[in-house]
Ligand SMILES: Nc1nc2c(c(=O)[nH]1)N[C@H]1C(S)=C(S)[C@@H](COP(=O)(O)O)O[C@H]1N2
Ligand SMILES: [Mo]
C-alpha cells in the first residue's frame with residue numbers, strides 16, 4: 001500500500017516526536033547508541049506494518065505489564081526509571097558457532113533498524129497498535145551462527161532486584177523466561193525492538209532491547225533481554241511454569257481458543273474511548289497470512 005494512503009505519522013504523532021523521528025531518519029537521532037551505524041533507519045511502509053492508527057505514546061508508555069516493576073499497569077512507568085540500561089550486554093550461548101557476551105552496540109552493528117507498526121494483543125484481552133523500531137531477530141541469529149542441532153531459542157530478562165522493585169518479591173520465578181521454536185524465531189515478523197515512536201525504548205517497555213512477536217500473546221514478547229540460548233529442548237517459560245493450564249508454550253493469538261477464565265474472541269483496544277466497544281480478535285492477531293504455515297497440521301487447541 002502506498003505510503004500516502006495510510007494515516008501518516010504526522011497525523012497521529014505528537015509534533016515533537018514526529019520531528020525527532022525525522023531527525024532520526026536523517027541519522028542524527030536518539031537511537032545513535034554509541035555507534036553511528038545504529039542510527040540507520042529504514043522506513044518500509046506497508047510491507048510488514050499495519051495501517052491501523054498507532055496508540056498514543058502516552059497510552060503505550062503508561063499502561064504496561066512488566067512485573068519486574070510490580071503487577072499494576074502503572075507500576076512500570078512509575079518505577080522503571082531506576083533501571084540502568086547502559087552498559088548492557090547479552091550472553092548468547094548454547095548451539096551457536098560464536099557464543100559469547102556481546103555488548104549492545106556490537107549486537108546493533110550492521111542490523112538495519114526499521115519501523116514496524118504492529119498490532120499487540122495481551123492475553124488479558126486488551127490490545128494496542130505500537131510503532132516499534134527494531135530489526136529482525138534472524139539477522140542476529142545468522143550472525144552468531146545457529147547450529148543444525150538447535151530447535152528452540154530461549155530468552156531471559158535481567159535480574160537486578162536493587163533496581164527492579166518487583167523482583168524483591170517472589171511474584172514470578174525470576175528471571176522472566178520466554179522461548180520460541182527456531183522457525184518462529186527466524187520468521188521475518190519476529191523482531192528485537194530497541195525503540196518506539198522513533199525514540200529509544202522507554203524503560204517501562206523493555207529497554208534497551210526486547211522481543212516483539214506480533215502474532216502471539218504479549219507475554220511472549222520478553223523485555224530487557226540479557227540472555228539468548230539456542231537449544232534442542234523446548235525451553236521453560238515463565239507463565240507456563242506458573243500456570244500451565246492457562247498459558248501454553250505457543251500462545252498464538254486465537255479467537256477460537258478461550259482462556260479457561262475468559263473469552264479470547266474479542267478485545268478492548270486501549271485508547272479507543274468509552275463508547276467504542278470491543279473489537280473482534282483476529283486469528284494470529286491478523287498475521288495469519290504470514291504465519292499460518294508455521295503451524296500446518298498442528299492442533300492449535302491442544303498446542304495452545
Ligand atoms: N521481562 C518481562 N517481559 C514482559 C513482561 C514482564 O512482566 N516481564 N510482561 C509481558 C506482557 S504480559 C505483556 S502484555 C507485554 C507488555 O508490553 P508493553 O508494556 O510494552 O505493552 O510485555 C511482556 N513482556
Ligand atoms: Mo500480557
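Cβ atoms are placed via backbone N, Cα and C, with glycine included.
These come from TrEMBL:
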- 64, 67, 68, 122, 157, 205, 210, 221, 222, 223: Mo-molybdopterin binding site (BINDING)
- 84-239: domain 'Oxidoreductase molybdopterin-binding' (DOMAIN)
Sequence-distant neighbours of residue 210 (Mo-molybdopterin binding site) in its chain (C-beta under 8 A, six or more apart): 192, 193, 201, 221, 222, 223, 224, 225
Reduced DSSP assignment, residue 64 (Mo-molybdopterin binding site): coil
All-chain count of other Cβ atoms within 10 Å of residue 68 (Mo-molybdopterin binding site): 28
Local Cβ density at residue 157 (Mo-molybdopterin binding site) - other Cβ atoms counted within 10 Å: 26
